[in-house]
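Features of the protein shown, as given by TrEMBL:
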{"type": "REGION", "residues": "A:364-393", "note": "region 'Disordered'"}
{"type": "REPEAT", "residues": "A:95-137", "note": "repeat 'WD'"}
{"type": "REPEAT", "residues": "A:175-210", "note": "repeat 'WD'"}
{"type": "REPEAT", "residues": "A:235-276", "note": "repeat 'WD'"}
{"type": "REPEAT", "residues": "A:324-355", "note": "repeat 'WD'"}
């Protein structure tokens, strides 16, 4: 570690290198911390989590009871023990609450003024964060959606993808091509017009929304080697339902998970299966699975909910790094916070658990000076101390 | 001080790596796979089939011997492209692939065909197959145009067991007389999994399982089956101070 700092200081190394090495070290030491808690508001399982992109401060969660909660993740108290408070809730008593389970919530990508939620009650609601009222509502038989700028892509049960414009509140066009219910929709972070959809017909399709005709290509797990598959399974991404999609942060690769207990990594430009073998990634979910990829680390990591724990895999090597155990029931969603390298996961046990990197333990000399200072003052994180305020005030 | 051994990223282990002797990774790796394959082939019981089958190894048995599955896959594909190894789809599981060394396959097939009238066509097929082609299945146009076989020749190949029907107009490459192998394999796998499940707490030490007396259902060697269930992740393998522990994983179909 010291060698990295010295290399950066003397200009031998790029500044990014130190940042990446430290982020990787922090991700590898993720653990459940008794100091960090998230308020427990949901009475039923948590289906989806989303952190806003601008500050990384506010987190949305949607639950199986239709309740949507917004949490403040930032630690302003100077104590290490911190509970992420729920700032506001769209509870069952609200007039606009969803009737059934909320499947996807997503912040508007440019500010926290509004967010979108989609649910099993066949509606998609656009909410104003200040007043927590519904601004516009769309009727569609869907439960999975993704938001980019002002275009919302909704995957529906009758197998088509509906694109809706939020500015006008109307539907723009329909992408046809799948033959089964669509379980996951994702926009590419690299190009604004590329969309990936996964469905129960075992196929993953990549679309260019500017084109009027069908999909760009379908992902094929055998890379066109038709001899490997049985004849029905030709040209499929998985040997079962595909229920999770995630782009890597640079948009160059796409991960998909399926009920055949496999996870595959694809090159998002050519649609080629990179054949990284993650082994058996247990997947029994009947609805969409939300998993996430780390950002800013040197070997990137994939965090996949597997039963009641979260499995961490190396993205390109395919090896299982560790399993994060802590939930009491199935984990449904997880969300990575890139600035603090923290992972939040929510599941059927109504808990959102925060996995925080274990800090380096303070040395023995620090402990002694702390006790000398007196027991009245709680141990203050030295990062919050300043050189000019006085204790006597 | 934390008792748990923390995971350390590779970047922080620079000094350790510099001290180790630099060896050419690829050459070592490929040799490793070949030697693991040979070791697994010795576990295959030949006498059971009266020497009519070449030694067959399943691809996921290699995963139980090597940690990095992706590199195992890559090396197996390299060996297949060189023409040293042949891969077959066994049919009972879309992910289970059987591996046979090409020379073994050729000798056994020709041995089985000796004296039959299909010998000529089979020889021609093997000559086309072994150096060049690494496909698992063939469809009609390929057989007719590339390999220049006629319809009755294809029927002869199916009769001899080298091809099995996959679909109307396409065939899987297969090992002749492998039906018995698959039957014993599935039965044996079920029996071994049952042994793990029935043991106390659903877990058993690997060495203990190897020493278990084999029931009449298990025709192969226990080690062969154990490598297979470990590689296919039908049991969870946990490292303990007394060795590897195999724990039964719920939700298995088999």
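Just so it is clear, glycine is given a Cβ too, placed from its N, Cα and C backbone atoms.
Where the annotation comes from TrEMBL, it is an automatic prediction and has not been curated.
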Apart from its near flanks, which chain residues at least 6 from the ends of the repeat 'WD' (A:235-276) lie with a Cβ under 8 angstroms of it?
180, 183-191, 194, 196-204, 206, 216-223, 229, 282-293, 295-296, 300, 302, 304, 313, 315-318, 338
Looking only at the repeat 'WD' (A:324-355), what are its DSSP counts of helix, strand and coil residues?
0 helix, 19 strand, 13 coil
As a quick check of your reading of DSSP, tell me how many residues in the repeat 'WD' (A:175-210) are helical, how many are strand and how many are coil.
0 helix, 19 strand, 17 coil
Can you tell me how the residues of the repeat 'WD' (A:95-137) break down into helix, strand and coil by DSSP?
0 helix, 23 strand, 20 coil
